[in-house]
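Swiss-Prot annotations:
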- Ser9, Ser15, Ser16, Ser17, Thr137, Ser138, Gly139, Gly140: FMN binding site (BINDING)
Amino acid sequence: MKIYQIDSSARKEGSSSRALAKKLLNKIKKPGDEVIYRDLDDDMLFVSGLTESGMKIAEKDQTEEHKKMFELSDKLVSELKESDIIIISAPIYNYGPPATLKAWCDLAARIGETFKFKPNGRREGLLKNKQAYLVITSGGTKLNSSEDFLTPWLKFILNFFGIEKVEVISADQMALDYEKSIKEAEKQIENII
């Protein structure tokens, strides 16, 4: 099995989402499993007009600048395709995702790679038979409330890619009771089969 762990918190030290994702990885990893690790804060992901326009033209028509921009996108898509299990840790920043996580999703959304258009115009995700775990933390936002724009969006994006098995581990409203939130998230991790 290949496990793809993606951390998106801007905080390297003292990040609750990173710490919980590490606990989850230790819980589900079996001897012989391979881990692909991606720290989105290290990559400084960025989507420009060049990237966006390059996604709409055939590879043979792309400039050298387009091709260079696609090296990272190709790598992200490859990591997703290779993996059986995906762990994404993300704090809620201003009610939504970290900018690097949004850019990761934009760079991974590739026609013919992670999704395709069917003859009727509807989209179909191409990344089937994968399990995703979302480790979501927040200071004050209640998960799945009208203020949480991260969790439903990220679940939608993964479904869009074809990943239908998505489980959420949450440590929300940590500013109100940090210990309680962390313990509840740790219990959710312990209960994963």
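Placed from the backbone N, Cα and C atoms, the Cβ positions cover glycine too.
Just so you know, the Cβ of Gly140 (FMN binding site) picks up 12 other Cβ atoms within 10 Å once every protein chain is counted. Neighbours of Gly139 (FMN binding site), defined as other CB atoms within 10 A of its CB across all chains, total 15. Neighbour density around each Cβ, counted as other Cβ atoms within 10 Å, peaks among the binding-site residues Ser15, Ser17 at Ser17. It is Ser16, among the binding-site residues Ser9, Ser16, Thr137, whose Cβ has the fewest other Cβ atoms within 10 Å in the structure shown.
Taking Cβ-Cβ distances under 8 Å and a sequence gap of 6 or more within the same chain, the neighbours of Ser138 (FMN binding site) are Pro91, Ile92, Asp148, Ala171, Asp172, Gln173, Met174. Across Ser9, Ser15, Ser16, Ser17, Thr137, Ser138, Gly139, Gly140, which the record gives as binding FMN, the greatest C-alpha separation is 16 Å.
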